Amino acid sequence: MNQELTNNPFNPLTPPKAFDEIKVSLASPERILSWSYGEIKKPETINYRTFKPERDGLFCARIFGPIKDYECLCGKYKRMKYRGVVCEKCGVEVTLQKVRRERMGHIELAAPVAHIWFLKSLPSRIGLMLDMTLRDLERILYFENYVVIEPGLTDLTYGQLMGEEEFMDAQDAYGADAFQANIGAEAIREMLSQIDLESEANQLREDLKEATGELKPKKIIKRLKIVESFLESGNRPEWMVMTVVPVIPPELRPLVPLDGGRFATSDLNDLYRRVINRNNRLKRLIELRAPDIIIRNEKRMLQESVDALFDNGRRGRVITGANKRPLKSLSDMLKGKQGRFRQNLLGKRVDFSGRSVIVTGPELKLHQCGLPKKMALELFKPFIYSRLEAKGLSSTVKQAKKLVEKERPEVWDILDEVIREHPVLLNRAPTLHRLGIQAFEPVLIEGKAIQLHPLVCSAFNADFDGDQMAVHVPLSLEAQLEARVLMMSTNNVLSPANGAPIIVPSQDMILGLYYVTLAREGMKGEGMIFADVDEVRHALDAGEIHLHSKITARLPQIDEEGNEIMVRFDTTPGRVMLGALLPLNAKAPFDLVNRLLRKKEVQQVIDTVYRYCGQKESVIFCDQIMSMGFKEAFKAGISFGKDDMVIPDTKWTLVEDARDQVEEFEQQYMDGLITQGEKYNKVIDAWSKVNDKVTDAMMGTISASKRDENDAEMEPNSVYMMAHSGARGSVTQMKQLGGMRGLMAKPNGEIIETPIISNFKEGLTVLEYFNSTHGARKGLSDTALKTANSGYLTRRLVDVAQDCIVRMDDCGTENTIKAEAAVNDGEVVASLAERILGRTAGEDVFIPGTDEIIVAKGELIDERKADAVEAAGVTTMQMRSPLTCEAEEGVCATCYGRDLARGTKVNTGEAVGIIAAQSIGEPGTQLTMRTFHIGGVAQGGQQSFQEVNVDGKVEFRNANLLKNANGESVVMGRNMVLAIMDDQGSERASFKLGYGTNVLVEDGKKVVRGDRLFEWDPYTLPIIAEAAGTAKFVDLVSGISIRDETDDATGMTQKIVSDWRTAPKGNELKPEIIIAGEDGEPMRNDQGNPVTYTMSVDAILSIEEGQTVKAGDVIARIPREGAKTKDITGGLPRVAELFEARRPKDHAIIAEIDGYVKFGRDFKNKRRIGIVPADESLEPVEYMVPKGKHIPVAEGDFVQVGDYIMDGNPAPHDILAVLGVEALADYMIDEVQDVYRLQGVKINDKHIEVIVRQMLQKWEIQDSGETTLLKGEHVDKAEFDSANAKAVRDGRRPAQGEPILLGITKASLQTRSFISAASFQETTRVLTEASVQGKKDRLVGLKENVIVGRLIPAGTGGATQDVERIAKGRDQVVIDAAQAEAEAAAALAAPVMEDAAPDTDAAE
């Protein structure tokens, strides 16, 4: 019988079919019939009294199979022995009940019906095929109009629509047989079947060659694409209209009797019943020869019911069930979070899992977790049963069960055995990155809570305020091995996002270590000298010295040769104790811990130990400093009371000063010297300056060291220790407790002018409290919204990057990108060493001025090399990047460089795309969850000057300065750069100077740190006269292009340029100010162009008409945006916007060529800016700019490629088109990093590069040449290359194309894998498109493989696949050799037996 079972066709033991790809295409009626086991003729389901399926109904046993295993419906045949017999009484085959999950039926439709997906999913495929609009199609399908199919010799045209009346008239006029017209899906089906695809395609190609204009070729290309896809896939157009509807197996749409005689049923049964009822009624009406109008109505209803079955609600009203709930159609089963893809295929529930609350387990080792005995007993049951049986304690599973239930003592012993060395996985939701699931060895504990090691909390982002975690048991040996080798917490010391240690002490431990490493003057035992660690320990225990005394001690160290030597250090007993834990290594000297350790330094220590002392040592070290930190923090007994918050004495004088200032600004505003906006900005500035001063004063008071009566230094202030060490709290929080709360933000990000002067210690007034609720509430609502947004961003990132895997070792490309230090506002935010660390050099790097190589080309740069490059004074170098990698699929290990989480070169098969997505997505959620901690206190405040932070010499580049009447130098150019050079002549800092900046230093002048270089007005953009003369106003007409704004508060009026385009006669105006000379003619500037200034909307005029103007005077001011608060809330949408590659609203315009600016004729409400190229051979280019926008260039200005002709955020597409891939990558990396840096989050650049690579995978065809590619089509780079290579081989003209940038959502939907795209978004659209094209999914990415239930082709799954591939290749070699041998033998045999020659052929 066992033999029988294994051969059973429905037995899971049969090996699954091996397949390499999945193809989806349209099903022909014959195909549907071949799947079907019979036609369903009745709408009945089951008999409600006997619960037996009705014959020929939707659950019919004859069609779908028996309801009980090996038993026919009437009960004549039972048991295995009748397997495969068909009962002659009830017609049921005797077999397993499971076949009801896989046998399909069908419904023969009495009239054809159009498939709604191909009709309504835009663009309508049927419409494209027939070249008809969707509206016309619907009119035919839903029986409103006739369509001419065969005009004959009449003067009707093919495809013409006619109403009932027209049709009758035409029949009367031409006779009934002179032409053919029809209505409904039959007509459409007939038209589709008449299409000859080949000739249609040729015809369209001809049309395409002759087509002109913008829209026509586009339409032809769309049609050509669909015709070609039908040709290629072997689908027939008429299959888009169905004559047979398949019925899915009944077990997939179950009907379950509930108690009380009611039934619970799947919605599909209702939908199918509708279809069957209408179909049967239609059949009857046709037999009865009912009037046309009735039949037509029934056909229309049949069409509607089939539409509802396939996609309910896509057309017409939604069909609802008894409880007014819309019925779930077949499409809804696939779509969305609850659909088949995301609910059941990509996310499954797991057995052998449990969850419980977590508590801290400080006495655990790093690789352990505490597992409650109760949980362990339940999770490891099968293991315990088998062990009990093996030990002979029970003979059956039942007996073992009883033993376990009684919890006999031997069971606990066995549990201990089972658990030993069997890792379990712990997971905390939300799992934002791969460190959210880690493996630990369980330690059995009493109680019901899981114990978690404190050091891994930051990786899980866990705390012990009631968080829960889930436990999973890896069952198979392979799973245990992977858990131990890859997922063990000890193997995940470094963060995959930035390569820094993530197993870092926090909070109490940091406070303890900080306290241990404090050094204080005048403590007991100061100046004592100790011979070794033991003496120090002894003295401490005896109380002869204090933990913080300054002493000298002799400690063992390792010198460069690796010998142990004793070295004397000036240190403290606390530091000696900590130093004793440090592994002995030349690279980890005692100096590492011989300093005050704050959080950052502790991280540095762990990093160094991990890098140089190996994993084992560093894990032990981490555990030891953790317990030391806890112990010392506990012994120190640090706590604080309200007197520890010190309010500085100077606070009130500072506040009074600020109040005076603010009053002065109010007065200036009343007098009309400044505008409302300027006053607001100045007030905010004044208050934020005061706030900073008060904070500084407070910090000064708190951090000052105090002495007691014995002149010994006292312990620092507790609050200060906590904040300074990085254990908890920040200066901002201390400021609110002891300084002043400062300015608050409104929910929309604006800052409220009146600050909160009180702090929490003094207590807020009622008004202040009310003001502060604003920001606090915004913080809370933000948190809720942002979490969702951030999760969605991560999901899109994962989807776009999921098939980016390391596939090869080296692609051998010569392409590289440039690496240089990231400078922000003249401050180095990321040094060159940081940026090249863990990357592959793309060129030999020399010490400047010599030919000595520091790093050879193709070498992986480690910490030592990176520091050497930086020390040698190299400022830029070329490095390999995933962006420029030429691997066909995925990326290569050399371009990617170091695997950040391991510190070694990345392994083949590493899923770097997903790691990149997680690294970018995870902090998004983190940060957004943490906005509200500061309670909406305004951060930011505008800077209006730049100080230099290095010593050096000033150097101007592209200088364009003008001295104004006050003798200040004003920048007049667009691309002036001020650089600070050191003595060797290398650049230390550089600043881009905006138009209107006042420069305070001379070219070539020496500056020292802290000097002011230049200043600017942060709130307005000035327009400055470049020549002296008289001001003449042109088209500045009061009431049309100028409004006089009288300020209610001050009674002063200002002239402000208003939007003249809205005024009745405004369209022709071109408001500008001309500087005229003595003769009334406009002055000319150096280039010989007239000096005119075009005014933009909202500019405030600073001069009157006819006034005499000196060079450098401000003519008008354009207000900039007010100071908004900076917060990742603004940041997260910014990151999403960058990755979605959206064009910003008022995006900058980038010059495409070098040349001179020339203004052309204005056009409606746009201004035309042209660039006349410097290079004669190029065509001039023109840009249209909305009128009234400020244009920073003037007539005749010389612009270079990449200069902004209009200010704003550039659109990434433009950067790609004008400046190329590398510039785009730089822009994306800088912008994304700016957002994260603001929050102090470090992310390695390569993650962003990987995502940008995925966004750049498609090429847009500019000219199709003589290939099959079509103009405007988006194809993969690989496809583009192969098509071109083929064309070149055949001597045809290759296609031209250029890379395009797709946003992450779009890129995900355009992946080669339709399964992956369908499971992401817009499922119906993706599947419709795929089936028309007959797409094949080659299962390369991760998602497709998860969905079809395979191991993913990454990591260990990738390794097994490689082995299989190699084995297959070797098999093939053997087969080929055997075949060749046979052929050779045949060839030898052939000449002898000449008659038999044809036979040998046949034999072969």
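Cβ from N, Cα, C; glycine included.
Per Swiss-Prot, Zn(2+) 1 binding site is recorded for C72, C74, C87, C90, and the stated evidence type is sequence analysis. All chains included, 25 other C-beta atoms sit within 10 angstroms of the C-beta of C72 (Zn(2+) 1 binding site).
Positions annotated as Mg(2+) binding site by Swiss-Prot: D463, D465, D467. The Cβ of D463 (Mg(2+) binding site) lies under 8 Å from the Cβ of C457, each of these being in the same chain and 6 or more residues away along the sequence. The secondary structure of D463 (Mg(2+) binding site), as reduced to three states from DSSP, is coil rather than helix or strand.
Positions annotated as Zn(2+) 2 binding site by Swiss-Prot: C811, C885, C892, C895. Remark: C892 (Zn(2+) 2 binding site) has V806, R807, M808, D809, D810, C811, C885, E886 as non-local neighbours, by Cβ distance under 8 Å and separation of at least 6 in sequence.
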Across the binding-site residues (C87, C885, C895), the Cβ with the fewest other Cβ atoms inside 10 Å is that of C87
What's the CA-CA gap between D467 (Mg(2+) binding site) and C74 (Zn(2+) 1 binding site) in angstrom, rounded?
57
Least surrounded among the binding-site residues, given as C74, C90, when other CB atoms within 10 Å are counted
C74
Round to a whole number and give the Cα-to-Cα distance in Å for the pair C74 (Zn(2+) 1 binding site) and D465 (Mg(2+) binding site).
62
Three-state secondary structure of C895 (Zn(2+) 2 binding site) from DSSP?
helix
Around the Zn(2+) 2 site (C811, C885, C892, C895), what further same-chain residues have their C-beta within 8 angstroms of the site's C-beta centre?
M808, D810, T813, R880, P882, T884, E886, A887, V891, A893, T894, Y896
Three-state secondary structure of C90 (Zn(2+) 1 binding site) from DSSP?
coil
When you average the Cβ positions of D463, D465, D467 for the Mg(2+) site, which other residues in that chain have a Cβ within 8 Å of that mean position?
I358, A462, F464, G466
Of D465, D467, which of the binding-site residues has the most Cβ neighbours inside 10 Å?
D467
For the Zn(2+) 1 site built from C72, C74, C87, C90, further residues of that chain with CB within 8 A of the site's CB center:
L73, G75, K76, Y77, E88, K89, G91, V92
What is the separation, in Å, between the Cα atoms of C72 (Zn(2+) 1 binding site) and D465 (Mg(2+) binding site)?
59
Students should find that the Cβ of C811 (Zn(2+) 2 binding site) has, within 10 Å, a number of other Cβ atoms equal to 19
